[in-house]
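Note sheet for the following structure.
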Amino acid sequence: MARKRAAGGEPRGRELRSQKSKAKSKARREEEEEDAFEDEKPPKKSLLSKVSQGKRKRGCSHPGGSADGPAKKKVAKVTVKSENLKVIKDEALSDGDDLRDFPSDLKKAHHLKRGATMNEDSNEEEEESENDWEEVEELSEPVLGDVRESTAFSRSLLPVKPVEIEIETPEQAKTRERSEKIKLEFETYLRRAMKRFNKGVHEDTHKVHLLCLLANGFYRNNICSQPDLHAIGLSIIPARFTRVLPRDVDTYYLSNLVKWFIGTFTVNAELSASEQDNLQTTLERRFAIYSARDDEELVHIFLLILRALQLLTRLVLSLQPIPLKSATAKGKKPSKERLTADPGGSSETSSQVLENHTKPKTSKGTKQEETFAKGTCRPSAKGKRNKGGRKKRSKPSSSEEDEGPGDKQEKATQRRPHGRERRVASRVSYKEESGSDEAGSGSDFELSSGEASDPSDEDSEPGPPKQRKAPAPQRTKAGSKSASRTHRGSHRKDPSLPAASSSSSSSKRGKKMCSDGEKAEKRSIAGIDQWLEVFCEQEEKWVCVDCVHGVVGQPLTCYKYATKPMTYVVGIDSDGWVRDVTQRYDPVWMTVTRKCRVDAEWWAETLRPYQSPFMDREKKEDLEFQAKHMDQPLPTAIGLYKNHPLYALKRHLLKYEAIYPETAAILGYCRGEAVYSRDCVHTLHSRDTWLKKARVVRLGEVPYKMVKGFSNRARKARLAEPQLREENDLGLFGYWQTEEYQPPVAVDGKVPRNEFGNVYLFLPSMMPIGCVQLNLPNLHRVARKLDIDCVQAITGFDFHGGYSHPVTDGYIVCEEFKDVLLTAWENEQAVIERKEKEKKEKRALGNWKLLAKGLLIRERLKRRYGPKSEAAAPHTDAGGGLSSDEEEGTSSQAEAARILAASWPQNREDEEKQKLKGGPKKTKREKKAAASHLFPFEQL
């Protein structure tokens, strides 16, 4: 127990000794400090770093020293650290540093001193006696536990300025949370709205680009239908091909024609192409020299020859619009696919990388790994970079902790910045060894000679480049599979080629180090996106013809040389009819391609005006596509069955879908799940939904499936009974459980109604027997006057305002009252029109009366208040013969005088003066009679 207390330090309560023992320990410490300072120089620097302290702790005592040497040296080190701590404290206080940071440094220094004491005591445990342990305890006690010093220092650390503490009340917390929630919801709404808008713009751009490409195809097909070009093409065809009738054309005939065409016409990329000449002029020139500038012109020439032979031919175009999904949406998935490329330029898939990561590793004691770790820094750094980032935070193993400083320094040199690693990785070429089986699971790394001697590379060594081999892992199945996949992914390169050519080609193609870059490179390489189709009447089918590669009747070959992805393939015949033939050429049409295309309804609506009138031929082609799809094997991945046009899994069924019958045939299994035909998947509906389709559920039928309803009525029922919230309350029925709706019969002039007092007329077949529908406005008013039964017709429901509202269309009446209601309604409309006419006439007369009254008032006001203005008018005409400016001045003055003369107060003053001069006075009765026809404001 004594040793443990000495090594780790006793509690603070037991550190306090008697005054006598403290005095003795202080005296002994002062003597030993003097001896220590005589042997060692006082330190001039601040606290040493943790690394230097660790090295000094591992240092041994001087050889040949006495037995007390280690103890003295230990005392000296502890004393030096305490002195350094005091110096740091004084400097911090003198410089005015923040005192809140100093206790942490003091605490770290205390931990360092205690750690040093523990290490020294544990190393010298077997050599020192009990007294030595007590001396160490007494020496470290004053340094760690001086009560007076610590109390004074803690008082000095008290803050001088007042401290403000803010306490949030529950009401404030609720308000803050509510505002944060509202802000977050608004940001989410705004973000979704922006994404929705951007998605709509990108989709519209995709559609516009697709239509532009289709219009370009129409233009090219129209040029290839010109009779002049047909005549030129017919003139160069040998006679053995012109003697065959179009109905006798077969695949053998087309193969011979393609062979002759390839032998006659050549492709010369050096031919000139003038922008001023149109396509027709260019093709005429190409016929003259029996040559084409590119594959597109070659296809156009062969199309002219086939149409000159009166063969039904299509120009097939693989349209390449911008992708339907933007690049940002595709780039959401992280960089699992951004991996190192192999010699052929192909990248490892994520599954291969996972297999490589899970390979068992050999022990560290093997010679190969020692050579790889010590002699080659760049491959090891490259290997570390290729591994997952989650290993960076893992704790170091015990073997790494036991390594010496040399190994740590070597590891430190391997840690480079990311930019440095990329530059090194770009100079590394990967070479496969196909000859030896022992090194088949590994790979060789080498640098090109021109880049290995780069003077800017600090880690490079002079001399020829050395081959650096990676450690060969154990021969496991995963390793052999990954190696074989990597070998097959290198563009099917022949392993027998010379090493020099393979290394040079790999160094050129190794610049693309990620799979995304390779995809962009493959997409940039344009393929052959146009070929032909000829209808063989003997076989009654369309045969594809690739005149560039000399292939007839091989759709997969056309797909092989076309630009990927193949999304839209259309065929345009000589009459301009268009047919979507993507299903014939794309092998992944049912799984991948359909998801990359625009909405099927929009695309079908776009091509509907150009649909061929030969429906029998179109139906046979559809059956051919269906037979081709049925011959393909079942998909092996579960995700491919979702929305598959032929197959379905139970896990992918929607809420209102079910498989019927329950004993449906199982076509196969995918990972233990039964695969059913898509024809067995039926859509179920509730009773109300079937009624909208003019069908009702038969009596006694049990719901085929129960789901949770979300109508307002179902929600209210669940809220009323909490125990039924999780139960399925909506029964669904299949088509086989329903029958046609039988409309009721009208009896005694009464229209049959539903429980809401209306008539459901979702389809014309739901009309009650003996009734008719009249689409006349306000017919129910006329029927109410005549006491005839009239009911509104409900033709559907419209959801707005949070609820479903019925949509009405006309009225349902009995057939015997039809003529009476029509006559009464017409009479009612005549009366309404007459009343409207009278109302308009009355309003017009009132307006004319008001206008006449206004004119009379105007004349009366002129007579009463306008004598002076008329008298002043002749004075304005006296100034004749003036210039235009003078005339304008006089006219403005005259107008001002006229207005002043006609002002009401001045006229009233004149009238008062005339009254004062003389004349008979009017009585009040006369004045009242004279002012009876005036308005109130005129009587003032």
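Glycine is no exception: its Cβ is also placed from the backbone N, Cα and C atoms.
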May I ask you to name which of Lys72, Lys81, Lys195, Lys708 Swiss-Prot has annotated as SUMO2 cross-link? Lys81
If you check Swiss-Prot for phosphothreonine, which of Thr251, Thr738, Thr876 comes up? Thr876
Candidates are Ser255, Ser574, Ser903; I want to know which one Swiss-Prot annotates as phosphoserine. Ser903
Surrounding CB atoms that lie within 10 Å of the CB of Thr169 (phosphothreonine), all protein chains: 8
